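If you check Swiss-Prot, you get these features:
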type: ACT_SITE; residues: H564; note: active site, proton acceptor
type: BINDING; residues: T61, A62, E82, A83, N148, Y149, M150, A151, A598, P609, Q610; note: FAD binding site
type: CARBOHYD; residues: N49; note: N-linked glycosylation site
type: CARBOHYD; residues: N93; note: N-linked glycosylation site
type: CARBOHYD; residues: N198; note: N-linked glycosylation site
type: CARBOHYD; residues: N261; note: N-linked glycosylation site
type: CARBOHYD; residues: N283; note: N-linked glycosylation site
type: CARBOHYD; residues: N429; note: N-linked glycosylation site
type: CARBOHYD; residues: N486; note: N-linked glycosylation site
type: CARBOHYD; residues: N526; note: N-linked glycosylation site
type: CARBOHYD; residues: N575; note: N-linked glycosylation site
type: SIGNAL; residues: 1-19; note: signal peptide
Amino acid sequence: MRLTSGIFHAAIAVAAVGAVLPEGPSSSKTHRNEYARRMLGSSFGIPKNQTFDYLVIGGGTAGLTIATRLAEQGVGSVAVIEAGGFYELNNGNLSQIPAQDAFYVGTDLDDWQPGIDWGFHTTPQAGAYDRVSHYARGKCLGGSSARNYMAYQRGTKAAHQRWADTVGDSSYTWEQFLPFFEKSLHFTPANDALRGANASVVSDPSVLGNGDGPLSVTYPHYAQAFATWAKHAFIEIGLQIRSGFQSGALLGQSYGLYTINATTMHRESSETSFLRKGLADPNLTVFQSALAKRIRFQDKRAVGVDVETMGRAYTLSARKEIVLSAGAFQSPQLLMVSGVGPAATLKAHNIPLVADRPGVGQNMQDHIIYAPSYRVNVITQSALLNEEFEAQANRDYNERAAGIYANPTSDILAWEKIPEPKRSAWFSNHTRQVLAEYPDDWPEVEFLTMGGYFGYQRNYIRDNPSDGYNYASLAVSLCTPRSRGNVTITSPDAGVPPVINPNWLTDPVDVELAVAAFKRTRDFFNTTAIKPILIGPEYFPGSQVATDAEILDHVRKSFDTIFHASCTCAMGLANDTQAVVDSKARVIGVEALRVVDASALPFLPPGHPQSTLYALAEKIACEISGNC
């Protein structure tokens with residue numbers, strides 16, 4: 001799209017943060033005077049040796065949440081160490097506009113943007129014919145909440161019971177964890193007048209908090225026409241309409257709730273929500289463009305972090321604790337280069353051993369995604385390639401915070417267990433037995449209606465057909481991943497990228513489910529409800545992909561991750577040698593160090609983990625401060 005006025009507004013918004021800080025008497029907790037508090041720069045650190053009460057490594061989804069809450073809850077001074085900067089400034093407005101969420105996330109190694117992304121790539125993947133893929137990760141304030149697809153939904157009640165059982169802590173049950181979900185939120189109901197016809201939303205606001213949280217969640221001011229037809233097709237194949245996916249149940253379909261600012265329709269991230277709030281607190285300091293290189297220990301107590309900013313090395317020290325929130329790849333990497341991890345790995349790189357934790361970097365879990373695409377006779381995001389349509393969409397977004405740019409491409413989310421009799425026909429006895437181990441409310445497959453073309457997912461923008469047709473897709477994601485990957489290091493230097501091996505689609509259960517899920521998309525497109533809007537047969541991959549072997553071949557060539565890497569510093573019981581943190585997120589075997597991000601999850605819950613990470617950060621902040 002053309003650059004809208006959004007980037008100018010973003011720059012002004014960032015630059016003006018200091019000007020809107022609350023006035024009042026100077027805090028007794030700080031020596032800053034009131035005039036200094038009104039300057040943006042007062043909230044940001046400069047590269048030199050300093051000491052704070054708490055250090056948070058990583059300014060991403062969980063990192064900015066826990067840092068802001070700790071400062072707010074009066075624990076003392078808090079510093080955030082973030083390698084990136086403001087995505088609004090480093091990526092134009094592409095990171096702000098919901099419809100632009102597919103920029104720089106393809107599997108091609110050159111489909112990345114160094115201003116906001118780490119440029120990580122995987123090892124050759126056996127489950128994808130040895131393909132090496134770019135794995136998008138947010139290198140910016142907001143982290144991957146600035147890069148994701150903005151879906152906000154929660155796991156199931158039984159998944160939370162399994163979490164509580166796995167870590168031996170009842171505070172992770174649905175009933176006890178729900179308040180931490182609610183604490184973050186500022187929910188705004190759907191604006192049906194702007195969404196358009198036949199797109200009304202059924203939701204349950206009773207579980208969406210009291211509205212005083214900083215994180216805006218709402219429904220886009222535009223609904224894709226494809227979705228209005230898709231909901232009837234879902235009903236035809238057995239997926240009934242639910243009142244949203246926030247109440248601990250997922251089986252069925254609903255319009256998705258998204259982390260979008262309800263007024264501007266800009267992306268909402270931990271930076272636009274928690275950090276903007278936190279900058280008003282004189283006890284919060286942010287070090288941007290600051291790469292954490294190593295955690296320092298005295299005996300087994302974490303006491304500081306070696307940091308590098310633009311070639312300058314310095315140390316930030318912690319009086320009380322350090323919270324590691326660098327994500328599923330770099331949290332285990334930082335632990336290992338600091339001496340916490342598998343002893344053999346550390347020895348191979350001459351890293352002094354602080355604690356032998358074999359599970360560091362292991363147990364990686366992730367969700368994959370792929371989709372067939374059809375030509376359709378309704379407007380989708382394909383129409384943005386038409387200059388006249390795009391110009392009107394631009395005006396709608398800038399002038400009314402509405403129109404197709406307000407929509408993040410996906411609309412309806414739906415979950416199911418593969419139903420009978422297809423289940424018995426499609427699955428081996430082994431696969432049926434393994435899937436039976438999951439709770440009754442845990443779905444096996446997620447469907448996402450997508451108003452656009454999917455293809456091989458190498459570069460969504462480059463590969464988008466420009467033939468004048470509108471395209472729509474039904475994406476599928478596997479919710480019971482059995483394949484396990486790992487993360488390791490090749491150097492004691494945290495500046496050297498970690499080795500990332502997701503090991504996708506290598507377990508036979510995942511393989512059978514991947515084929516079955518693709519067949520279910522064809523069930524969907526064969527319904528009488530969806531037929532009226534289809535132009536011709538399946539466009540991608542096409543009817544020549546027919547047998548199970550051909551479907552699997554296609555899936556291996558076309559799938560990508562939906563960027564839910566997790567569990568590489570898994571939570572568990574202290575006597576579990578594969579566990580890295582306990583139920584309070586404390587690293588086992590050392591003191592004054594916690595891990596709070598997706599790497600700390602004991603397993604990957606069904607769906608999109610963003611909501612869980614915000615809630616986990618809220619929970620651990622309360623554990624630390626004791627002031628909730």
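Each Cβ is built from the backbone N, Cα and C atoms, and glycine gets one as well.
Model, not experiment: these values are computed from the prediction.
Everything Swiss-Prot records as a feature, shown here on the structure.
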| residue | record | DSSP class |
| --- | --- | --- |
| T61 | FAD binding site | helix |
| N148 | FAD binding site | coil |
| N198 | N-linked glycosylation site | coil |
| N261 | N-linked glycosylation site | coil |
| N283 | N-linked glycosylation site | coil |
| N429 | N-linked glycosylation site | helix |
| H564 | active site, proton acceptor | coil |
| A598 | FAD binding site | helix |
| Q610 | FAD binding site | helix |
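Of all the recorded positions given, namely N49, N261, N283, N486, H564, those whose Cα is no farther than the 10 Å limit from the Cα of Q610 (FAD binding site) are H564. On the backbone, the CA of N49 (N-linked glycosylation site) and the CA of E82 (FAD binding site) stand 16 Å apart. Within 10 Å of the C-beta of N486 (N-linked glycosylation site) there are 17 other C-beta atoms, taking all protein chains into account. Residues T61, A62, E82, A83, N148, Y149, M150, A151, A598, P609, Q610, recorded as contacting FAD, have a largest CA-CA distance of 25 Å. Looking only at the recorded positions E82, N148, N261, N526, A598, the one with its C-alpha closest to N486 (N-linked glycosylation site) is A598. Secondary structure at N93 (N-linked glycosylation site), as computed by DSSP, is coil. Taking N261, N283, N429, N526, N575 as the glycosylation sites under consideration, the smallest Cα distance to M150 (FAD binding site) is found for N261. For the recorded site, N486 (N-linked glycosylation site), the DSSP three-state label reads strand. Per Cα geometry, N261 is the residue among the glycosylation sites N198, N261, N429, N575 nearest to N148 (FAD binding site). Across the fold, the C-alpha of E82 (FAD binding site) and the C-alpha of N198 (N-linked glycosylation site) stand 43 Å from each other. Neighbour counts of Cβ atoms within 10 Å were compared for the recorded positions N198, Q610, and the top value is held by Q610.
In this structure, the C-alpha atom of N198 (N-linked glycosylation site) lies 32 angstrom from that of H564 (active site, proton acceptor).
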